[in-house]
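> Taken from Swiss-Prot, the feature GTP binding site applies to 30-37, 77-81, 135-138, supported by similarity to another entry. Annotation comment: Swiss-Prot describes CYS212 as S-geranylgeranyl cysteine, evidence class sequence analysis. Per Swiss-Prot, the feature N-acetylmethionine maps to MET1. Annotated cysteine methyl ester per Swiss-Prot: CYS212, in sequence order, evidence recorded as sequence analysis. The motif 'Effector region' annotation in Swiss-Prot covers 52-60.
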Amino acid sequence: MDAAGAPAPAPAPPAAPGSGRKELKIVIVGDGGCGKTSLLMVYSQGSFPEHYAPSVFEKYTASVTVGSKEVTLNLYDTAGQEDYDRLRPLSYQNTHLVLICYDVMNPTSYDNVLIKWFPEVTHFCRGIPMVLIGCKTDLRKDKEQLRKLRAAQLEPITYTQGQSACEQIRAALYLECSAKFRENVEDVFREAAKVALSALKKAQRQKQHRLCLLL
């Protein structure tokens with residue numbers, strides 16, 4: 001922490017090489033069971049897990065093309081349960097971007113974007129870009145899931161609500177997806193890579209500008 005008690009800025013991630021294949025580290029966070037692991041598995045392995053098994057910490061690797069650049073994505077899954085609150089920050093070091101996820105059929109997971117995940121990410125990843133993801137959009141049309149939700153006098157989280165949360169946490173983008181039906185899954189990671197690369201370029205320009213001022 002600095003003298004005022006605010007958390008010190010996170011260490012700057014290592015810059016991706018100037019030519020050839022770029023490499024990015026992306027950490028994904030959100031409540032347990034919100035769809036993080038399914039999203040990562042479908043994108044990186046092409047398989048949707050039929051049974052829920054809580055993750056602790058897992059790493060997935062995938063490639064994406066952004067413009068003419070080949071980008072390697074090192075994707076870090078994290079545990080959303082409170083039991084891992086003290087271990088999870090170990091995943092944040094040298095991160096280029098954080099995906100904050102919630103389940104559109106679970107209002108509590110949506111509320112926790114602002115209550116838990118935004119404060120945690122900004123504390124440990126100060127200055128690192130975020131993208132907000134609404135998961136499990138296919139369940140908005142699932143009659144049984146809707147019945148259960150409405151029995152508790154609740155409604156699915158709408159796209160407009162997701163966009164509002166995105167603005168409140170100052171995330172770079174809000175996207176929705178269904179891992180089960182592979183809807184927008186590739187878009188999530190392609191757009192995340194674009195945001196991370198743009199932030200890297202901006203940081204490099206600022207560093208060069210500071211060097212010029214010193215000279």
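Sequential numbering from 1, following the chain as shown.
Glycine is no exception: its Cβ is also placed from the backbone N, Cα and C atoms.
Neighbours and distances for these, please.
Around THR137 (GTP binding site), the C-beta neighbours below 8 angstroms that are at least 6 residues distant in the chain are VAL104, GLU176, CYS177, SER178, GLU183. THR137 (GTP binding site) falls within a helical segment according to DSSP.
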> In which DSSP state, out of helix, strand and coil, do we find GLY30 (GTP binding site)?
strand
> Taking the Cβ of each of the binding-site residues and counting other Cβ atoms inside 10 Å, which one has the highest number: THR78, GLN81?
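Result of the Cβ crowding comparison: THR78.
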> Note the mean pLDDT of the motif 'Effector region' (52-60), expressed as a whole number.
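So the average pLDDT across the motif 'Effector region' (52-60) works out to 77.
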